[in-house]
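Worksheet: the structure to be examined is printed underneath.
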Amino acid sequence: MFPNSILGRPPFTPNHQQHNNFFTLSPTVYSHQQLIDAQFNFQNADLSRAVSLQQLTYGNVSPIQTSASPLFRGRKRLSDEKNLPLDGKRQRFHSPHQEPTVVNQIVPLSGERRYSMPPLFHTHYVPDIVRCVPPFREIAFLEPREITLPEAKDKLSQQILELFETCQQQISDLKKKELCRTQLQREIQLLFPQSRLFLVGSSLNGFGTRSSDGDLCLVVKEEPCFFQVNQKTEARHILTLVHKHFCTRLSGYIERPQLIRAKVPIVKFRDKVSCVEFDLNVNNIVGIRNTFLLRTYAYLENRVRPLVLVIKKWASHHQINDASRGTLSSYSLVLMVLHYLQTLPEPILPSLQKIYPESFSPAIQLHLVHQAPCNVPPYLSKNESNLGDLLLGFLKYYATEFDWNSQMISVREAKAIPRPDGIEWRNKYICVEEPFDGTNTARAVHEKQKFDMIKDQFLKSWHRLKNKRDLNSILPVRAAVLKR
């Protein structure tokens, strides 16, 4: 695919190849998802690590030494594994509260009137088979039918679920992006030998669609030598070199490389082989961390992913999902959905950063952040609202309930909090807190006309959907499917 590809060349000397033929190709050819396959003894349902964590790293290309433990070799589940009862595959948490169910579960209440379910176990104790998110390799390459989806008994919920199943990112889509990442990393390491390239954003966080772009983060130095890059000077210089490399050496494989000098500068390009559009940034480390935070939320409750996808499609259709044009970024929209689900009378989602601070600490080294989802048990809400009611409630919340003038959306706190007084928050129409660095992810909405357009669309769509109970009233489903 790329000039310097070494596909098929054995990466290790004979003394490093040991007894296992799993790694017979260059380690950079395998995805970080596939490398993590070796981490678990799946056959015995023993999720203890079979590879030293110091050597097995997300996005790392170092040789991996295996133990004598049996390895998961990328096979499909055996038939007897597929037929295990649900309780044997995963355990869920039930609320300890005995209060009667709240009738109107789609209208958020103030913080003190909401119920939240604490974890059944202390955060430092996670039983081997108790977790909400399968290991990294299990999710990324699972066939869609193996992911349990919510039931849909009413028309609106069925429409949402059908749109999700049609438009969600497929395994083949992810593999294309991962292959490009692997081989681009090899090329970029000619310029920066210590660098690593991470696939981030919707491609990995569980909220991707078939048409989702690929987001890449170039980390120019590995930990513990990691350093902060000035995005206005050093990042632009690094990306200028990368852009030049793409134009001169990879013009046959990459088309339309373009250096965008934004607050966080990027190189935009299109991979001719996969036809995927990519955005590449430098050392935007928070993007790596929030990818795995969102990934955990995505698989924490089976209504989250379908709801997020249909809302992203709705926002895109109404032209309020484009930060480059002064509206909401997809990341902000996802945080808005998560916030809504956290603020219901019976929350559907908790604050993961509050319950599991050690799993989502900004101090975690980058090569370990992918393990966070494996430490989080399932979360079962008492809220039984269907997808249709949740979509309607989401629109109503931001059309009539949320105070845009004085409140900030905080997934970290699982509630709306007062706006800070800092300069970044002044004269901003929408405030959405980034869960790790505390910046405003909705800062692109800086014109009143665009803000009014966003609010107006929430209100109009809420009224239409409430009256029709048909997804086509706010989003032409056929057109959304064609775009995918």
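Glycine too: its Cβ is placed from the backbone N, Cα and C atoms.
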According to Swiss-Prot, of the residues Ser62, Ser361, the one annotated as phosphoserine is Ser62
From the list Ser26, Ser95, pick out the residue that Swiss-Prot labels phosphoserine.
-> Ser95
Can you say which of 76-92, 433-449 is given as motif 'Nuclear localization signal' in Swiss-Prot?
-> 76-92
Across the motif 'Nuclear localization signal' (76-92), what does the pLDDT come to on average, as a whole number?
-> 38
Of these binding-site residues, Asp213, Asp215, which scores lowest on Cβ atoms within 10 Å?
-> Asp213
What DSSP reports for the domain 'PAP-associated' (386-440) is 18 helix, 11 strand, 26 coil
Which state, by DSSP, holds Asp215 (Mg(2+) binding site): helix, strand or coil?
-> strand
